Amino acid sequence: MKDIEGLLGLCVCFVGLPASGKTSSAMKLSRYLTWMSVSTHLYDTKEIDNSLSENSNSDSENLAKTLSPIFDNLESVFKKGTDVAILDFNQCTLKFRKSIVELAKARNMLLMFVEVVCTNQKIIDENITDMCQHSPYFKSFPFEESKNKILDSIHEYEKHYTPLSEAEECTFVRIVDFGAELIVHKLENYLESRIVYYLSNLRTRRRSIWLSRHGESQFNVEGKIGGDSSLSPQGLKYAALLPEYVAKFSIGEKGLTVWTSSMARTIQTARHLNCQKLEWRALDELDAGTCDGFTYDYIEQNFPHEAELRNNDKFHYRYRGGESYMDVVRRLEPIIMELERQGDVFIICHQAILRCIYGYYHNLSLEELPFINVPLHTIIKLTPMTYETIEERVTVPISAVSTQRGKH
């Protein structure tokens, strides 16, 4: 994108009222783009936003003066290699947007507005509660005090609110009630279309994602990678106990959907669960290519150069005829899109796959993904919130080998 006419990068500017779900959408977009290897910077605009709010009648010259430091900073950020910068403003006036357009154009930045609108009062109330309890700007204050501050700010911003319109001749997407209505105007490139596709899949429902590797397999016991081996005796015990621990973990089989890969060991692990099951080939384990069925010791002794390459850059290293972690992330993109639309889902699959999914929800760096510890016979519950993902773990008391390997 930066090679196009010397453009610095893409600035995605979120606008809309507080408690509309705007901040949640901005943070999720930042997490998604980072996970997809797009260098992304989420800019904290809170102080500027407050300044603009206190001077809501500022003329264009004063607006530009207030906003210029942000774009001066973004110019530096883009020159250091960032591809996308995300801004999150409560302002939604025509005068404000014109200033943003002029500042971005003067610095040769692509600009895309995202207006987030919520008309569902129940969702607005839930978002206000979430802000009071978890926002770094409100959680230190008494709940009622925070709530009143947020309600007052909504009232003030509503006075000057002007929705985006096609007459403005700028790139934008207007999202009403999380995809119930979607207006897209003047997209200019593939990345913008991917952003719209992702945002259109976001939902507000509170839900959890449960993760578990398959039960211990014969290949796990033998120290081999890849393959499509069956469960070991210990793995079969884990599968038999899984329904009991699903119940203990307050998952409940009613309304729960279980996703597995197409491989035998995950299907065997899920067979005692009395709920809807879906097989996804996209959840199959990382393809080890010509090394499939080998142990790590065998690879290091017989293919030392390959072992060294993988140890030096585990995320990008691709097995001959196989995959890298980066390939797996690309393969999992449709899974992530579907997870954003779903309710409670229990995913039973493989170590590399779960590392990538786990890393997405915890917003971990790509370099960290290949080293995340996802033990056998452990259930991980992830509950995504606006400002963090809450995690709980339960270990099922069936012993299993460890397949965790540290950095070399």
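Quick reminder: no glycine exception, Cβ is built from N, Cα and C everywhere.
Around A352 (ATP binding site), the same-chain residues six or more apart in sequence whose CB sits under 8 Å from its CB are E285, L286, Y325, V328, P370, listed in sequence order. Under the heading ATP binding site, Swiss-Prot lists 16-24, 127-132, 307-310, 351-355, Y387, citing similarity to another entry as support.
The annotation active site is assigned in Swiss-Prot to D88. Sequence-distant neighbours of D88 (active site) (same chain, 6+ apart, CB under 8 A from its CB) are F14, K22, T23, A26, L42, Y43, T45.
According to Swiss-Prot, the feature beta-D-fructose 6-phosphate binding site maps to Y157.
If you take the C-beta of R213 (beta-D-fructose 2,6-bisphosphate binding site) and look for same-chain residues 6 or more apart in sequence within under 8 angstroms, you find I348, C349, H350, Q351, L354, V374, P375, L376, H377, T378. Taken from Swiss-Prot, the feature beta-D-fructose 2,6-bisphosphate binding site applies to R213, N220, G226, Y296, R310, K314, Y325, Q351, R355.
DSSP gives R213 (beta-D-fructose 2,6-bisphosphate binding site) a strand state. According to Swiss-Prot, the feature site 'Transition state stabilizer' maps to R213 (among others).
Note: H214 (active site, tele-phosphohistidine intermediate) has non-local neighbours L231, G235, M263, R265, T266, Q268, T269, I348, C349, H350, i.e. same-chain residues 6+ apart with C-beta under 8 A of its own C-beta. The active site, tele-phosphohistidine intermediate feature in Swiss-Prot is assigned to H214.
Residues or ranges marked as site 'Transition state stabilizer' in Swiss-Prot: N220 (among others). On its own chain, N220 (site 'Transition state stabilizer') has S232, G235, L376, A400, V401, T403 as residues at least 6 apart in sequence with a Cβ closer than 8 Å to its own Cβ.
Sequence annotations record features per position, and here Swiss-Prot assigns active site, proton donor/acceptor to E285. Within 10 Å of the Cβ of E285 (active site, proton donor/acceptor) there are 25 other Cβ atoms, across all protein chains.
If you look up Swiss-Prot, you'll see H350 (among others) marked as site 'Transition state stabilizer', on the strength of similarity to another entry.
Secondary structure at D88 (active site), as computed by DSSP, is strand.
Cβ neighbour count for S24 (ATP binding site): 22 (other Cβ atoms within 10 Å of its Cβ, all protein chains included).
The Cβ neighbour count for G16 (ATP binding site), using a 10 Å radius and every protein chain shown, is 28. Counting every protein chain shown, the number of other Cβ atoms lying within 10 Å of the Cβ of Y157 (beta-D-fructose 6-phosphate binding site) is 21.
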